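Asks: Please read through the structure below; I'll follow up with questions.
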Amino acid sequence: RKKCLLCNNLLMIVAASIMGCSKIARSFEMILIGRFMCGISLCVPLHHQYVGEISPRKLRGFANSTSSFFWSLGKAVGQISGQRELLGSQYLWPMLMASCGLPALVQLITLPFFPESPPYLLMHKGDQEGCKKAIRQLWGEGHHQAEIDDIMKEKATMKNTKILSVLELMKEPAFRWQLYVIVILTATVQLCGINAV
C-alpha cells in the first residue's frame, strides 16, 4: 500500500511539473498530458484503503469520512486560489496548475515515516511480528490482540474466496452490471477534475 502511494505521488509531481511548465514551453498539450496523468492516478482509492487499514476499528469510519471533507476543502481552496486576484492571473496560472503537486510532495516526504498497513503485513506478507510492530507504532502500546485476531479471521475468510483476474471478472455475467456502474462512476469522477484539485 505504502509503496503504491509513494509511486502515485511521484506521478502527481511529474504531472504538476508538466502543467507548471506549459506556459514556458508554450504548449497547451502539456496541460492535457498533465491532466490525463492526474486523472489516471490512484490517489483516491489508495488513500481510502490505507487510511482505513491503519485506523483503529472505533475510528475507522471517521477516518474514512475525512477524505470527503478534504476533497471539498481542496475544491474550495482551488476555486478561491483560481481567482484573478490570487493565482488566476495571466502570470501566475502556471503556479495554480502546478499546485496539485504540493500535497503529493508533502506526502512523499512524510509517508516513509509511517508503517505499512497492519492487515497488508499480516494477510499478504504473513509477517505477524511486523504487523504487531506497525499496530504499536500506529495505535500506541496496549493490548491489540483482538484486532490481530480480526485480521486473522478475515484472512481465513479470504482463503476460501476465489480471487478473479480482471479478464475473468469482465467475463462473469453475475458482476456485469456492477462493473458497468463502477466504470461509469469512476470515469465521471476522473472527468470532474477533483484529482487535480
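Cβ atoms are placed via backbone N, Cα and C, with glycine included.
These figures come from a predicted structure and were not determined experimentally.
Straight out of TrEMBL:
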DOMAIN    1-197  domain 'Major facilitator superfamily (MFS) profile'
SIGNAL    1-27  signal peptide
TRANSMEM  91-114  transmembrane segment
TRANSMEM  177-196  transmembrane segment
Asks: What residues in the same chain, six or more past the boundaries of the signal peptide (1-27), come closer than 8 Å to it by Cβ-Cβ distance?
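Replies: Non-local partners: 33-35, 37-38, 40-43, 46-47, 49-50, 53, 93-95, 97-105, 107-108, 111-112, 114-117, 120.
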Asks: Restricting to the domain 'Major facilitator superfamily (MFS) profile' (1-197), what is the model's mean pLDDT?
Replies: 81
